[in-house]
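Novice: Starting off with a structure, shown below.
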């Protein structure tokens, strides 16, 4: 199905990132170093299963093929498995993925797969247990690793692992990561540290361009792969001697926004056209009843006409994003 979600720059949007909570139990240095602080929204204030069913149905009707459930930590919701099943009800949604810190992966991943989950991204910023603890504030490295193993045992053929690239923290550990994925079908995605409203000092101290890793990968014979239309923003590299892949997400690179194919809805029902945009368009008043779907689709389509051509990170403008738990990164 061709996407009806096309902006003024002829970009088509097949991919929805849907945040279902901003609560997280980790305290990652680059996101929530002081831990989660409620913003006035209680658990009852987040989108309900019925609201999630309606918003994903509207996006699917407009051509969305992939939904990624994000947070916060989405698995902290007690109804998380029900949420997966609600999204799965729509046959037009071909891929349902989650980005998780892995805290509940070992316990619940088989149930998530049975409910319809097709993809998993796990955040792992270091393969050293002590450094993992220092970055996340949680001594859960072995638990997260066991969760990744459990995902393969549950039938997932590939697991994606997100690693925030930080100077003097993990940027020099490429060989360790490559050894880890040599015999494992893991797509390891290095994500450039991004500046947020609360993270400017950390950014100045630890940002390093992903170009450094790309040059090294190409030097070692890694091959750049072509993107599919519902893929995320990663540049993916493969090597004949490795079961795993490497992905690089470099938001500061020239023309990064040219291939944008994703929209975001926050855990309180606001449509965000860009991770680093302003404001957001309220959808929640149109999520109360199934009969509102046509009006909901019209509002989404109208909002898309206002999407900017690019973010303004190069001008140190991080928009409304104070931290990455706010609308799910």
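From the backbone N, Cα and C atoms, a Cβ is placed for every residue, glycine too.
Sharing the record's features from Swiss-Prot:
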- 8-234: domain 'Radical SAM core' (DOMAIN)
- 17, 68, 99, 160, 262, 263, 264: GTP binding site (BINDING)
- 24, 28, 31: [4Fe-4S] cluster 1 binding site (BINDING)
- 30, 72, 123, 194: S-adenosyl-L-methionine binding site (BINDING)
- 257, 260, 274: [4Fe-4S] cluster 2 binding site (BINDING)
Novice: If you measure from the C-alpha of residue 123 (S-adenosyl-L-methionine binding site), which of the binding-site residues 17, 99, 160, 260 fall inside 10 Å?
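Specialist: Candidates kept after distance check: 99, 160.
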Novice: In terms of DSSP three-state secondary structure, what is the assignment for residue 257 ([4Fe-4S] cluster 2 binding site)?
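Specialist: The three-state answer is helix.
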Novice: Measuring Cα to Cα, how far is residue 262 (GTP binding site) from residue 24 ([4Fe-4S] cluster 1 binding site) in Å?
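Specialist: With the alpha carbons as reference points, the distance is 23 Å.
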Novice: Any idea what DSSP makes of residue 274 ([4Fe-4S] cluster 2 binding site), helix, strand or coil?
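Specialist: Reduced to three states, the DSSP call for residue 274 ([4Fe-4S] cluster 2 binding site) is coil.
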Novice: Can you figure out which of 68, 72, 160, 274 (the binding-site residues) comes closest in space to residue 28 ([4Fe-4S] cluster 1 binding site), comparing Cα atoms?
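Specialist: When the Cα distances are compared, 72 comes out closest.
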Novice: Using C-alpha atoms only, work out the spacing between residue 274 ([4Fe-4S] cluster 2 binding site) and residue 263 (GTP binding site) and round it to an integer in Å.
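Specialist: Per the Cα atoms, residue 274 ([4Fe-4S] cluster 2 binding site) and residue 263 (GTP binding site) stand 7 Å apart.
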Novice: Under DSSP, is residue 68 (GTP binding site) part of a helix or a strand, or is it coil?
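Specialist: The three-state answer is strand.
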Novice: Taking Cα atoms as reference points, which of the binding-site residues 24, 30, 257 is nearest to residue 68 (GTP binding site)?
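Specialist: Going through 24, 30, 257 one by one, the Cα closest to that of residue 68 (GTP binding site) is 24.
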